[in-house]
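Chemist: Just passing along the structure, written as structure tokens.
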């Protein structure tokens, strides 16, 4: 019996290997899709465009941005955060539009002393107004390996995902007068910088520069389900009838299903450490209008 199964075991291994190779080949190429924008050489694209690294030392941090702009869709990036004593450092990964009344969807990863958990800081800006922070711990060490951080953005809601698990949902509450990001295309940005005036315990813990350079790594960028903004026509790729836009168009009406809602509640019960929608000291008169029973997540 064992010998008769052996070829099938080999076939299974081969299929897994092929699928892994296909995934690698489909991953975005950083040389083609991003520009290193600042840091005087501290940002690097290596491994034939498959990996990007950002570094921070006492003189400067570094950053990059996407060549494309997007209006809705789902974007994935695998990130391995700064290991060891990363207190004072912030690795920011976000979408942002241009102008004084910008829209923005933020992941920020706040470093900490060795052994203490990273803080995943999220925020949503619409028409230049933010102050919608939620913060989380994660259920793994984000510095020991790459993990996938995703943003789903459509006209109904914005969902932040970690390894496919939703950690935050920000719903469209325009019906009660809350501006929602839906008209301004955004680029992807990321930066690694020193924020020891506020990032770790309110600035009490300073960056230990003897640990520098601090380095964060990126790979496996995927925008296959995102709507690329075409400035020449003033529309997005999801308006076109091609195979890539069809999968993106499905996401434009996607909601969290029952399983997604259950996983979201699990994260918020066990790993959320700050929610602006429950901060009555910060908002003593009344909580922001979107902080209702149906949208306090």
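The backbone N, Cα and C atoms fix where each Cβ goes, and this holds for glycine too.
It should be emphasised that the depicted structure is a prediction, and the values quoted were computed from it without experimental measurement.
Feature annotation from TrEMBL assigns signal peptide to 1-27. Among the features that TrEMBL reports, domain 'GH16' is placed at 24-218. The annotation active site, nucleophile is assigned in TrEMBL to 104. The annotation active site, proton donor is assigned in TrEMBL to 108. Sequence annotations record features per position, and here TrEMBL assigns N-linked glycosylation site to 112.
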Chemist: Compute the C-alpha separation of residue 104 (active site, nucleophile) from residue 112 (N-linked glycosylation site), stating it in Å without decimals.
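Modeler: On Cα coordinates alone, these residues lie 25 Å apart.
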Chemist: With every protein chain in view, what's the tally of Cβ atoms within 10 Å of the Cβ of residue 108 (active site, proton donor), excluding that atom itself?
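Modeler: The answer is 19 other Cβ atoms.
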Chemist: Just to be sure I understand the packing, how many Cβ atoms besides its own are within 10 Å of the Cβ of residue 104 (active site, nucleophile)?
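Modeler: 18, counting other Cβ atoms within 10 Å of residue 104 (active site, nucleophile).
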Chemist: Would you count the other C-beta atoms found within 10 angstroms of the C-beta of residue 112 (N-linked glycosylation site) for me?
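Modeler: A 10 Å sphere around the Cβ of residue 112 (N-linked glycosylation site) contains 20 other Cβ atoms.
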